[in-house]
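Engineer: Sharing the feature lines straight out of TrEMBL:
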REGION    1-20  region 'Disordered'
COMPBIAS  9-19  compositional bias 'Polar residues'
REGION    441-536  region 'Disordered'
COMPBIAS  450-467  compositional bias 'Basic and acidic residues'
COMPBIAS  468-485  compositional bias 'Basic residues'
COMPBIAS  486-505  compositional bias 'Basic and acidic residues'
Amino acid sequence: MDESHENDALTNQKPSTEQDIADELNLKMKKYLRGKVNDLEGLKDKKLKTQLTIREELYGKSAKAAAKAEKWLMPSEGGYLEPEGIEKTWRIKQDAIAREVNIISARNQYDIVLPDLGPYTLDFTSSGRYMAIGGRKGHLGIVDLINLSLIRELQVRETVRDVVFLHNELFFAAAQKKYTYIYSREGTELHCLKEHGAVLRLQFLENHFLLASVNKYGQLHYQDVTMGAMVGNFRTGLGRTNVMQVNPFNGVVGLGHSNGTITMWKPTSSAPLVKMLSHRGPVLALAFHSNGQLMATAGLDKKVKIWDLRKFEVLQTLPGHASSLDFSQKGLLAWSNSSFVQVLRDASGTHNYSKYMTHSMVKGYQIGKVAFRPYEDVLGIGHSQGWSSILIPGAGEPNFDSWVANPFETSKQRREKEIRSLLDKLPPETIMLDPSKIGTVQTTKKEKKTKQERESEMEAAVEDVKGKKLKNKTKGRNKPGRVAHKKQEALAKVKRPYIEQKVQEEENTSTKKQKTSEGVELPKSLQRFARKKASS
């Protein structure tokens, strides 16, 4: 009996058969199908019926391909903290998370204390493997986050305000006291960008290979790092600002100003694309969602606002003071205030953010910048005593595309990717608020002709009619009176459209005048001169 029970248990634990795999694929296909399949039995048009059947087959094939890719090419699944009972996720501490995760994930939780060189700012590569650090007192370095090894560090012995990676980890730019410098991975100084001036913030546009900077005089610069040419140099006219962020969806640069306004710029326009009043005080922080539809702003009025960039409307207003903001790949929003970090999550999918996690630094630490690490559930924190890293479950994309960002790429793959990205480099003209308009046909509006143009066109048409010779008819049908009558009919036919257009315009202007006169209330002294309505 015992042996039979053991055999039954073994048979129940068999690996998944082809039928189980097919059932799982069918479940995944439902997520990618475009609604229910249309019922085509009632269609009488055979041509339309065949076209729709072919289209439905293509929809089914694409859904099946997407389901297969999700099963075999994206094995990792993202997850969030799940509380039990009355437990709250924001009460779970980092120590409790570190005890439950694996060893590799636990290594991403650390504190680096360098009190003599801070405060620190940081930046990650697009793959999330490398991190550039910059201390205010001249400390620069590159860290390999997989091996947790320091690749290179140097001391420039002057103020460093910001650091940013260029297209890969081989080059990074540092905004120093007087000029902006570009360094190699080995710490060699390659370029000194004197035209940018004393830069406060740096951003890099990966698809366009543009280095954007804003200096202490409120000047915005765009420099092409491939050719070295200055693409744009604009005065914002709104004073000094140290709030700058790039929208990853369309490449538009957002600036926050001291009068509470936010401006959005592109390198081919000297005027801002958008200028909106967001806060009743200086803007302190700005962040864009990766889908390009959401924007988070923080001001000195102690409010954090989440905006819908499609309508430029406020979706949610949260009370609180924030000195730095950042969106993760999965839409989590992190904000910092003094020595306190708070992470918000949109659990319902309706852009209604609520508290997800909190973290308190050692008392006295002043946080300068927070940034999520791509493809990892990690939040990097640069503060006055060094930099730290904490675990935020569900923050990063669980599956990376090796053609887009590969954390484990070799030197050969990096060279190939660099060449491919240079060939696919986008010109600055492609930066716009709605990049989906690229490739569409712009319809030209018909310009209204002036009165003189219409008259000259009518005169030319009349002269053409007068110059035409009529055919000679048979005897009795070629009388002078009949010929003159035909010429008058031809002239009237040519003049008719012009006269009708003139009459139509006069009617439109009269109705407009009547509406405006009806809408405006005349004073009592002039009401007796107003046209009275006909009594019914």
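If you go along the chain as it appears here, the first residue is 1 and each next one adds 1.
Glycine residues also receive a Cβ, built from the backbone N, Cα and C atoms like all the rest.
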Engineer: Using a Cβ-Cβ cut-off of under 8 Å, list the residues of the same chain that are 6+ residues beyond the ends of the compositional bias 'Basic and acidic residues' (450-467) and lie near it.
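Structural biologist: Residues 487, 490-491, 494-495, 498, 501-502.
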Engineer: In the compositional bias 'Basic and acidic residues' (486-505), how many residues does DSSP assign to helix, to strand and to coil?
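Structural biologist: Helix, strand, coil within the compositional bias 'Basic and acidic residues' (486-505): 20 helix, 0 strand, 0 coil.
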Engineer: For the compositional bias 'Basic and acidic residues' (450-467), what does DSSP give as the number of helix, strand and coil residues?
Structural biologist: 17 helix, 0 strand, 1 coil
